[in-house]
Amino acid sequence: MGFTTSKFLDGSASTDSLTKNTGSSLNKLPNTRQNTLDSINNKFAIVWLDTSVNDADIIHRNSVARCRRISVLINTFINVDECLQYLTKMKETKILMIIAGNCVKEIWSRIKSMKHIHSVYIITDDDDDQKKEYSKQEYEKVKGIFDRVDPIFGLLKRDTRHIEQDLLGISIVIPSDDYLKQELRQLNSLFLYWFLVRQIILDVKYDDGAHKSLAEFCRSHFTENSKELKIIDEYENNYHDHSPIWWYTRQCFLYVMLNRAIHTQDIEVIIKLAPFIQDLHRNIEEIETSNETSTVLYRSQITSNDDFEKMKGTEGHLLSFHNFMLANSNYKTALDDARRARGNANSVALLFRIEVDSSQKSTCFTPLKDTSYLKDQENNFLFSMQSIFRTREIKQIENQVWQITLKLTKINDKQLISLKELVHEKTQNVSQWHQLAKLMALLHEFDHAKEIYHVLLSLLPTTESSKMCHIYNELGIICDETGDYRLALAFYQKALEIQRKSPRSNHYSLSTVYNNIGEIQRELGDYFAALSCHQKTLSIKQKILSPHHLSLATTYNNLGLANQSLGEFATALEFYGKSLDIKRKVLSPTHIDLAITYNNMGELQREMGKYAAALKYFEKGLQIRLKTCSPYDSSLAITYNNIGLIHREQGDYNQAIVYFRKSLEIKQKTFTSNHPSLAISYINIGEIHQLLGEFSEAISSYEKALEIQEKAYSINHPDLAITYNNLGVVHQLLGNYPSGLSFYQKALKIRQKSLPSNHPALATSYNNIGHVSQLMGDNNAALEYYQKTKSVQEKCLGPNHPSLAVTFNNLGDIQRTLGNHKRALGLYEKSLEIKKKSLASNHPALSVTYNNIGVVYQTMQKHALALEHYKKALENQQKNFPLDHPEIALSYYNIGTAHQSIKQYSIALENYEKALKIHEKTLSANHPDLAHIYNSTATAYFHMGQYQKALEHEQRAVDISIQSLPPDHPHLQTFKLHLQRIQSELEVK
């Protein structure tokens, strides 16, 4: 209890509340793509280093041309340092390296530890003794030492084939009889990506000119490869003279581009190759397999130990190969190929044993005996793209060789049908390739979704204005999701500009764009502009829709949000009511959308401090969910969580933790043990322990959350930063400021890597580091970080955002701590100025600043001005909150301290009494804030010489603190010291 000083930016955001209904919602503009195949993220490349070569050497030029037939990406170097720079840059690419003997000594020690170098081939004219020196070096990647280049080409072909073979993409999905009941994000995103890509490619209809267009596209990627250019010409003119299987197995430009595009998920190349992919699939599908009832095929692949560990224990799971896959019916050949992993301690050989029931329809495959371009293919088979198998057994058969038995799934497999229904449900009403981008966004693969939209945008003719508008809209949504609000606004405005210019534009589409602009302006803190946009949306919809259209309910909801942000709570409640009225007329009484609206109204009531009303709305939503959802539906967990938040606000921490644990119990039965949603529950439970002063339990809960997040997310996932932040808070409360600072710095480091430099979450981290630095007495560091907070907020939120007002408040706190009261006063007044510009004149946030200005005046011994501002704070609160709101109690308390400072003890006691009556109604009987009021009341009585009353009140403060605080809590120790002092005075008397 006491003065309101720094408004702490908690940043935990772990409340798990339901999404507010914001209605239908339309990154940077697409980068210009280089028009060569080098722009594709190649998985391997040939590097040739020879410092003595002459570019005019015709033999060397011919040798390089032969290498280019093996790998599209080949780089030659005559300078060792330039070669090393390239190798360092290409860490994600497997390198096959040809080194001239005159370069080995200079470069050897600097490359032998580079893990991405796959193979080394040394060319030297040295004598046999010198060759022996090279071979003595224990370097497993050296494939040979040669006196001429010709023998190397055969080895390069073999090794590139092995790399291609080992790069075959695999993804695994946990089986389920009803995927529709699962959360989309619980499934393997890569599996779903290729599952949908295949579906889209097979569904799209291509015209007769598709192959000529493909040839033109491919030609631009092979400008320096005369051999491939001739094959492309042949393809363009004579494509239908041969089968798609014949073209694919020729291992020409089609084979190279297709496999590489699948490896790198290059969506532009995949879209361009789609006509050929469709033909190839149909070709495989139409060829009859043998009449044998079953076939067993084999395929070997080398993988890392880490990747293999992830595959262990996946018996019964669905497994897919993303590429078109070659397999062999000869077990010995496949096993011999697998044995090449021996000698490499970091690798494991996988021998896939594939069982196919030829009597039943399965994912298509075909023998290559009579269809391949290559000869002697009697034992080889080709599976179509994204073939799906079920893992039956995983066992070790030799040292470093494991056999994985797979069963090819059938076309009518129930789990595959369920999976297809799930993907369709989540991406319906979106055409073709837009489905893929939408799916990636739903999976929170935002960078991937943006890349797809950028490619689609670059492929669109300028006449397709409606599709361009849709893409800009979707890019805006993604930027909103990732916190890049200004870029989101730019995309929405681009969509609006297109809509206005388009002759085919319709008013409803305009209303959608205005809605999205309004929502992003609300995020940016420009609440008046947000309100204006939503009013435009409403005006358009009212002209073209019936009065009870559900879309109007969405707009009323968003007008409610805008007014709520402005502090116009009565108006916000009115709009929520209109939204609710429409839904009640259009929807059934137990429709889930009603539960969402009740949630929003509950959130408003919670913000207004009307906790009983908030609880009522949350419980209404709960009743709907209990009737319509299963007992372990995840939305029930969210509702229980929100009810827990109300009890937390009321200070009923024991009841709050009951609901948080109910929420956790449902999640534990619904989700896997490492599901991120459980982490949210552990964070909320940890916060209750923190509020109860049970800091060790709080840390334990936060660490459980952290353990889950570390397994579920990458090391730089933003949610990890939230948990590190919370650990920082609890260590700060424990007085372990260095530990608190360390956790805040971990949170900052993650956010700097995973978020844009102007993301609001970075401002939160800077603020928290500033705050703990302030507590450690390092006011200069605090000032530096508060200035960084201010800089980020000014860039991402604008000059009049309410959060910036909070930062000016914190800067004021620093200046007040440094004794610069006039500067502090100026900063508090700047905070007040921003709030007056960006918020309604009676917004409750104004009361915080009035209070802080009062604190400065009280410190400056200007008690009349202090009282004036405390009273302004009180007047503001009385307009916004019920008369028994805890914030009003705080103002009474501060007014009491001001009167006590000028020795007006009777008036101070009157205000303490008012504060006490409110808290006794709204807080639990042992709430720590009550102890502070009793302590201050005791102090007033003590100065008035009424020691008996002082004793009674101080004893009450101690009793409450014993119940609510740990034994070593500093407040409890202070109250005990005060009690001893009063007792001493009574003994003297």
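Backbone N, Cα and C atoms are what each Cβ position is placed from, and that goes for glycine too.
It should be emphasised that the depicted structure is a prediction, and the values quoted were computed from it without experimental measurement.
Listed in TrEMBL:
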{"type": "REPEAT", "residues": "469-502", "note": "repeat 'TPR'"}
{"type": "REPEAT", "residues": "553-586", "note": "repeat 'TPR'"}
{"type": "REPEAT", "residues": "595-628", "note": "repeat 'TPR'"}
{"type": "REPEAT", "residues": "637-670", "note": "repeat 'TPR'"}
{"type": "REPEAT", "residues": "679-712", "note": "repeat 'TPR'"}
{"type": "REPEAT", "residues": "721-754", "note": "repeat 'TPR'"}
{"type": "REPEAT", "residues": "805-838", "note": "repeat 'TPR'"}
{"type": "REPEAT", "residues": "847-880", "note": "repeat 'TPR'"}
{"type": "COILED", "residues": "860-922", "note": "coiled coil"}
{"type": "REPEAT", "residues": "889-922", "note": "repeat 'TPR'"}
{"type": "REPEAT", "residues": "931-964", "note": "repeat 'TPR'"}
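The largest share of C-beta pairs under 8 angstroms with the repeat 'TPR' (889-922) comes from 847-880, of the ranges 553-586, 595-628, 721-754, 805-838, 847-880. Remote same-chain partners of the repeat 'TPR' (679-712), defined as residues 6 or more beyond its termini with a Cβ less than 8 Å from a stretch Cβ, comprise 12, 14-16, 637, 641, 644-645, 648, 653, 656-657, 660-661, 663-664, 667, 673, 719-720, 722-724, 726-727, 729-731, 733-734, 928, 964-966, 969. Broken down with DSSP, the repeat 'TPR' (595-628) shows 31 helix, 0 strand, 3 coil. Averaged across the repeat 'TPR' (889-922), the predicted model reaches a pLDDT of 91.
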